[in-house]
């Protein structure tokens, strides 16, 4: 405990100090619930923070794009999400490097997070292409005759 | 509900919603958007019931430190209730917009933005606090 030797006519320092302690305790107990989300998604709080931030920026950009206030292309709109995925992959690599003493545990953790990140990334990139090109060509087999060259190697990116 | 049941229930609801959403977007079915969102309405109903029951339990039992067995304060539970209300508002606005009403997308996304900003602030305090769940 800090003992206050000074006093003021205007401010009751002990009261302020107790109030701050109380607030900290409240915040701590208030936020322990995050434990459950961390358990479910196997993401750390910082990864969740990145995801939330990227979704926030992305939704603002989408709103501006759809309402016609922003003339950027869809890949640009999706950039925050891709950046978030890249940062998350980087973070999991860092965690892997720092857990090298327990290699088995570290490898399992790395594999899990990389698989999840890769799946998210695939979903986002496919969604982006769907929005940019109107539809995914593979979803409509009857179009193959008109676009016979689509699956012939050099045009695979047009999936 | 135990954590496993909650997680399974949420994942199942999300899966069904995603399937229905894909069917509707690909025009395999031609249902009203409010029907597509039925799993989410169900989820909201269950969530609100669960939170209200928890608030009542909080009032009816004497707790030490104002925290229940899940380390939840009363204010936290009220906050979750407000989160549910915002989520429902967002879903209703989204359904209306998808059904063809002329609502600006900015207005549709305002509840979502409020929830996201609240979540970010919440998460920021966790990152700042000295807790084991970084």
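Just so you know, glycine gets a Cβ as well, placed from its N, Cα and C.
Owing to the predicted nature of the structure, the values given are computational and were not obtained by experimental measurement.
Quick look at what TrEMBL lists:
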- A:45-64: transmembrane segment (TRANSMEM)
- A:76-96: transmembrane segment (TRANSMEM)
- A:108-127: transmembrane segment (TRANSMEM)
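Long-range Cβ contacts of the transmembrane segment (A:108-127) within its own chain (Cβ-Cβ under 8 Å, at least 6 residues beyond either end) map to 42-43, 78, 81-82, 85, 88-89, 92-93, 95-96, 99, 136, 159. Proximity of distant same-chain residues to the transmembrane segment (A:76-96), defined by a Cβ-Cβ separation under 8 Å and at least 6 residues beyond the stretch ends, is recorded for 46-47, 50-51, 53-55, 57-58, 61-62, 65, 70, 106-107, 109-110, 113-114, 117, 120-121, 124-125, 127-128.
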